[in-house]
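**Q** The domain 'ABC transmembrane type-1' feature in TrEMBL is assigned to A:19-207. The transmembrane segment annotation in TrEMBL covers A:20-43, A:55-75, A:81-98, A:159-179, A:185-210.
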Amino acid sequence: MSLDLVFDYLVSPVFLRGALMTLLITVCSLFFGVLTGLVIALVQETRSKAGNMVVLVYLWLFRGTPVLFQIIFIYNVLPSFGIRFTAFTSAVLALSLNEGAYMAEILRSGLQAVKKGQRTAGLALGMTGAQVMRLVVLPQAARIVLPPIGNQMIGMLKLSALVSVVAVEELLLVANQVASANFRYFEALTAAGLYYLALTTVFMVLQGMMERSLDPKRRRVGSRTPTLMERLTGSMVRASVR
Amino acid sequence: MTAAPLSTAVLTTPPRKADAMTTPTRAELKSKPLVEVMAIDKSFGPSRVLKQCSLDVRTGETVVMIGPSGSGKSTFLRCLNLLEPVDGGNIFFEGRDITRERDKAHLVRREIGMVFQSFELFSHLSAAENIMLAPMNVLGLSRLDAHDLATELLGKVRIPDKADAFPDELSGGQQQRVAIARALAMKPKMMLYDEPTSALDPEMIREVLDVMADLSAEGMTSIVVTHEMGFARRAADRIVFMESGEIIEAATSEAFFGGSVGERARRFLDQILH
């Protein structure tokens, strides 16, 4: 056991690249996942029969099979139908499509949580449909969907480790390769673990900042968002001071 | 007024306040109706919610609509500012036919304020911001001007100190008064109130009705759906009685409270007055 070696791994270019790759996969998959989810949520809102049918099949496929299966399928099976992607593209594609299925649910519940009367009130003030969406519905829906989207962000970071199966050089694969060369598993995996913890912590801090910036009462005394420690351990205690 | 259904008649009788029978009211001074509703029909699926409803409202007039729940009063209001499309008939606003202005409906709604039973203040905005939102984004007022307007209107509805309060920090009566101020901020030519006090605790009804009565007295053209007969007596120029989607009566306030009402309206009044 050597802490020096852990430190050497932490600052080594190989691990740094691995961590950056993990971050890149996570950010890309989240971005396209949210986009996919938004499209699905809006299709579901329009209540078109054909659109909803397509969405239903999509949700059934991607929520009914393991992500690991989806990654391997896209990378290994699609080429036999002439559809060939690089390992990275396959990974991001699988994770995005999978994420979109869950994101759609979150976004839709957020839009629906804004009651119809709020839209009516906006319209009655002479706003156009687009203005009502932008000024009344979305600001309220954003506040509702941010905590579950934050959870998805953290989840995606951890999920990205799965793409090591298609040989994308992300953090876990790098750690495993380094360790199997010299059997210093403890040091290599500790270094990888520290990177994961650092990344999730950064995500949680970001989530907290976004939640605060969307809280209209943030300047008030008594309004309270969870502290970082509560976020990290998932032990948010509701302040019941009312 | 007779007891016969007047559903298809366009009522042109000049309205009068019960307490001002000899002097002409402000409504009588202006002859042109602000709104003319001509025989509108509206169905939701198989149920006919409005049947050939007609009503004229003159500038400065306050019309109170009463009737059992489900009689179509709220739908009538929602059709008036084009929140619901009508199936037949015509609606004229300032002499212009607005009935089928689908794409420009928002332009019509800018001139007609509406207040809802459930207030519908925007929960992510403070009282002042609720009032400022539409003037800034629809009328293009600067933030500063909109804020001045909000301050002025909050004073008018008698809660000048609640500008920074959020809806969930206000009582029902205060929320409804902010909602009235929010509608007034668009400088509407007419106000529609859809059961504005039905969701309020009894002790808060008065403060909301007082604000509405003041507005009526200042000459704001208003249509009020309510069961508050005290308010009707105090502020209404005319009373409209609806039942099963039809306008059964439209009587001047003094005729109505003088007892010349038809059988169905009398039965309804007996019920709500216990």
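Glycine is treated like the rest: Cβ placed from N, Cα and C.
Give me the lay of the land around each of these features.
**A** Note on the transmembrane segment (A:20-43): residues 51-52, 54-55, 58-59, 88, 91-92, 95-108, 111, 149, 152-153, 156-157, 160-161, 163, 168-172, 195-196, 199 of its chain, located 6 or more positions outside it, place their CB under 8 angstroms from a CB of the stretch.
For the transmembrane segment (A:159-179), the residues of the chain that approach it from at least six positions outside its boundaries are 9, 14-15, 17-19, 21-22, 25-26, 29, 67-68, 71-72, 75-76, 87-88, 90-91, 94-95, 185, 187-189, 191-192, 195-196, judged by C-beta separation under 8 angstroms.
For the transmembrane segment (A:185-210), same-chain residues at least 6 beyond its ends with a Cβ under 8 Å from one of its own Cβ atoms are 1-2, 5-6, 9-10, 15, 18-19, 22-23, 26, 146-147, 150, 153-154, 157-158, 171-172, 174-176, 178-179, 225-226, 228, 231-232.
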